[in-house]
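Engineer: Shown below is the structure under consideration.
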C-alpha cells in the first residue's frame with residue numbers, strides 16, 4: 001500500500017485544485033464576457049458547473065461557505081488516510097458547535113430566557129426570608145446558637161453542590177453529550193451519587209466548624225447540642241441535595257426538550273427551591289432532634305452513623321463512573337473552601353440578627369439573587385470555554401485580569417450577558433422588597449432611605465461578583481481545572497459573605513443616623 005501513496009497524494013491534490021478552480025470559475029461566471037467564454041469551454045450555468053447551479057438557484061451567497069466545507073472535508077479525508085508532511089497544514093478539525101451559533105443570542109433573547117427563572121427564584125427566596133424571620137424565634141434557634149450559624153452554610157449548598165451540578169450538566173447538554181439515553185442515565189446517576197457523597201461531607205464539616213466557632217467566640221460547648229447539630233446538618237444536607245438534584249436533572253432534560261439554553265435557566269430555578277427547602281428541612285429536623293435530646297440522645301447518634309456507613313457506597317459508585325470520578329478527587333477544595341466562607345458569613349449573621357430582627361427577611365433575598373445572577377454568568381463562561389478551546393488554553397487575545405469596566409463594556413458575549421444580569425438587579429430587588437414589606441406582620445416597612453441603601457448594596461455585590469466570575473473562570477481554566485466544578489462554589493460563598501456584610505452595614509448606617517431601627521426604616 002505504501003508504493004501507492006505518491007499516486008494517492010497526487011490524486012488528492014489534483015482534486016483539491018479542481019475544487020479551487022471550480023470556485024474561481026464561479027466568480028468569473030458573474031461577468032457576461034467570461035460567462036460566454038466558459039460556456040464555450042463546457043462550463044454551462046445550471047447544467048455543468050456547480051457554481052452555475054447555485055447562481056441559477058438564487059443562493060449564490062452560500063456558495064463560498066459550501067466550497068470551504070468541501071475543502072475542509074477533503075483535506076481532512078486526505079490527511080487522515082495518507083501520511084504526509086503537510087498534515088499539520090491540511091488537516092482541519094472544526095468544533096462540533098460553531099462560534100457563530102452563540103452570536104445569535106441578543107440582549108433581549110438572553111433577557112427573556114433569564115427573567116422568568118429569576119423571578120421564580122426571587123419569589124422562593126422571599127418566602128425563605130419570611131420563613132427565616134419566623135423560625136428565628138423558635139426555641140431551638142434561640143437555644144442552640146450553632147443552628148443559626150449553620151443557616152448560610154446549608155443554604156450555600158445550592159451553590160456548592162446543586163448549582164455546580166447544574167453547571168456540569170448544562171455544559172454536557174450544550175456539547176451534545178446527553179443526547180444518547182444510556183450516556184444520559186450514566187451521567188445523571190453518577191452525579192446524583194457524587195452529590196450525596198459531597199453533601200454528607202460538607203454537612204459534617206460545616207457542623208464541626210459551627211461548633212468550633214461557638215467555642216472560640218462564646219466560650220461554651222454542650223455535647224448533646226453538638227451531637228444534635230451534626231445530625232441536623234448531615235440529614236438536612238443529604239435530603240435537600242437529593243431532592244434538589246432531581247429537580248436540577250429534570251430542568252436540564254426539559255431545557256434540552258424545549259430547545260432552551262440550560263445555562264440560562266437551570267441554576268436559578270434549582271437555587272429557587274434550594275433556600276426554602278433547606279430552611280424548612282433544617283427547622284423541622286432540628287426541632288425534632290431537640291425534643292428528643294433528653295430521653296433519646298442515641299437517635300441523632302444512630303443517624304450520624306447511618307450516613308457515614310453509606311458513604312463508601314456513594315464513593316464506590318462515583319469512583320467507577322467516567323463522568324464523576326475526576327470530580328471525586330479534584331472537586332473537594334472549592335466546596336470545602338466555600339463552606340468555610342459561608343460559615344464565617346453565618347457568624348456575621350448571628351451577630352447582626354441579635355441587633356436587627358428584621359434583617360433576616362432580606363438576607364436570603366440579597367444573597368440568593370446575587371448568587372443566581374453570577375452563577376448564570378459563570379455557567380455560560382464555562383460552557384463557552386468548553387466549546388471552543390482545550391482545557392488549559394485561552395481563546396486568542398483573552399486576558400485573565402481585565403478592567404471591571406470591560407466586564408460590562410467589551411464586545412464579547414460575556415459582556416452582553418453581564419449587562420443583561422446587572423440590569424435585573426434594581427427592578428428585581430425593588431419588587432421583592434415591596435413583597436417582603438407586604439407579607440411582613442408587624443410594623444416593619446422599608447422607607448425610601450433604606451431602599452436606596454439596600455439597592456446600592458445589591459448593585460455593589462453583583463458588580464463585584466460578575467467581575468470575580470470572569471477572573472476566576474478564566475484563571476481556573478488556564479490552570480487546567482474545570483470551572484464547572486470550582487467557580488460557582490467560590491462565587492456563591494463570596495456572594496453570601498458580601499451580602500450579609502453589606503446588608504448589616506446598611507442597618508448599621510441607618511441606626512447611626514436614625515437612632516432606632518424602626519424609625520430609620
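Heads up, residue numbers simply count up from 1 along the chain you see.
Including glycine, each Cβ sits where the backbone N, Cα and C put it.
So TrEMBL lists these for the protein:
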TRANSMEM  110-132  transmembrane segment
DOMAIN    151-284  domain 'SLC41A/MgtE integral membrane'
TRANSMEM  188-217  transmembrane segment
TRANSMEM  229-257  transmembrane segment
TRANSMEM  269-290  transmembrane segment
TRANSMEM  297-319  transmembrane segment
TRANSMEM  331-353  transmembrane segment
DOMAIN    363-503  domain 'SLC41A/MgtE integral membrane'
TRANSMEM  420-439  transmembrane segment
TRANSMEM  451-476  transmembrane segment
TRANSMEM  488-510  transmembrane segment
Engineer: Counting a contact as 3 or more Cβ pairs under 8 Å, with residues at least 6 apart in sequence, do the transmembrane segment (488-510) and the transmembrane segment (269-290) touch?
Structural biologist: no
Engineer: Can you tell me which parts of the same chain pack against the transmembrane segment (451-476), counting only residues 6+ beyond its ends and a CB-CB cutoff under 8 A?
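Structural biologist: Contacts of the transmembrane segment (451-476) (Cβ under 8 Å, skipping residues fewer than 6 from its ends): 362, 366, 369-371, 373-374, 377-378, 381-382, 385, 394, 398-402, 404, 407-408, 414, 418, 421-422, 425-426, 429-430, 433, 482-483, 486-487, 490-491, 494-495, 498-499, 502-503, 505-506, 509-510.
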Engineer: Mind pulling out the one from 188-217, 269-290, 297-319, 331-353 with the most Cβ pairs under 8 angstroms to the transmembrane segment (110-132)?
Structural biologist: 269-290
